[in-house]
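Per TrEMBL, these features apply:
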type     : residues : note
TRANSMEM : 6-35     : transmembrane segment
TRANSMEM : 42-62    : transmembrane segment
TRANSMEM : 68-90    : transmembrane segment
TRANSMEM : 97-114   : transmembrane segment
TRANSMEM : 163-186  : transmembrane segment
TRANSMEM : 198-218  : transmembrane segment
TRANSMEM : 224-242  : transmembrane segment
TRANSMEM : 254-271  : transmembrane segment
Amino acid sequence: MIAEVFVVSIIAGFIGSLLGIGGGLIVIPFLSIVFKFNMHQAAAAGLVSVIATSSGAASAYVKDRLTHLRIGMFLQLATVIGGVLGAILSGFLPAKVLSLIFGILLLYNSFLMIKNRKSDEKPQPSSLQISKWAKKLKLYGSYFDKIQNREIEYSAQNITGGFLMMTLAGILSGLLGIGSGIFKVLALDTIMKLPFKVSTATSNFMMGVTALASISIYLARGDIVYDACGAVAVGVLVGSAIGARLMPYIKSKYLRVAFALILIYTSIEMIRKGLF
C-alpha cells in the first residue's frame, strides 16, 4: 500500500502545486476508493497533502515572487468568515440546491478559462493602474516571467468582488465539505485579474494555512493513519517541489487549460450531487 500511495502522492503534489488546488482532489478519492479508507481518514490524509503541497512549493514560489503573501492573508480572512457562516447555515440552507448552482457556475467559468487562456500573454499597458484600495492595502506586485523574458506588473482589481467570492467559497466549503482551492484560484484570476501563475502560487499558500488550522481536529479524533499520511507527505513534498520548479517555464495558457479540465470535472460532480 505504501508504495502505491507514495507514487500517487507525487502526482498529486505535482498537479496541485501547478494549479493551486492542493493534492487532496487526487489523494482523497484514491484512498477512499482503492484502499477503502473511511471519509474522515481520507480527508485527514487530504489535509496532509495540502500542507505538504503548500510547504514543498512555498520556497520556490516566494523566491520567484509568484506568491503574494498580503493578498493571500487578506482573502484568508474571507475564507474563515465564510467557513463559520457555512457551518452555522448548514442546518437551514438546502445544500443540494447550492451544489447545483455552484456546479453550473463552475462549468461556465471553465469555458471562460479556456476562452481567455492567452490573456497573460497580452502586452501590458504602459503604466500600471492601481486602485485606491489596492494601494492602501498594498495588493500589487511584480514577477519576472521566464517564458516571456520580461517583468510582469500586476495589481488586484475588484477587491470587493474577490473578497465576496472567497466568503461564498468558505460558506460552500462549510456546507458541502469540499475544498476551496478551485474557488481561490477563480477569485484571484477571474475576479481580481491577477496573472494565473500568481493566482495558483498564492492559492497554494492560502490552502496550506487553512489545512494547518484544520488538521488538529482530525489528529484529536484519531483519524490520522500514520503510515499512509507519512507516504502522502513525502510523496507530495517531492511532487510539489518538482512542480514549483517547472511552473515558471510552463506557458500560462497550458496551465489555464489544465485548470479548466479540473473545473469541468468538479462542476460535473457538484451538479451530480445537486441532482441526486
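Glycine is no exception: its Cβ is also placed from the backbone N, Cα and C atoms.
Unlike curated records, TrEMBL annotations are generated automatically.
Source: prediction; values computed, not measured.
Sequence-distant contacts of the transmembrane segment (198-218) (same chain, six or more residues past either end, CB-CB distance under 8 Å): 16-22, 40, 43-44, 47-48, 50-51, 53-55, 57-58, 61, 64, 66-69, 71-73, 75-76, 79, 141, 143, 154, 179-181, 184-185, 188-189, 224, 240, 247, 255, 259. With a cut-off of 8 Å on Cβ pairs spaced 6 or more residues apart, the transmembrane segment (224-242) and the transmembrane segment (42-62) reach 3 or more such pairs and are scored as touching. Beyond the ends of the transmembrane segment (42-62), by six or more residues, the same chain brings 9, 12-13, 16-17, 22-24, 26-29, 31-32, 69, 177, 179, 181, 201, 204-205, 207-212, 214-215, 218-219, 223-225, 228-229, 232-234, 236-241, 243-245, 247 to within a C-beta distance below 8 angstroms of the stretch. Cβ atoms under 8 Å from those of the transmembrane segment (68-90) belong to residues 62, 137-139, 141, 156, 162-175, 180, 184, 187-188, 192, 194, 198, 201-202, 205-206, 209-210 of the same chain, restricted to positions at least 6 beyond its ends.
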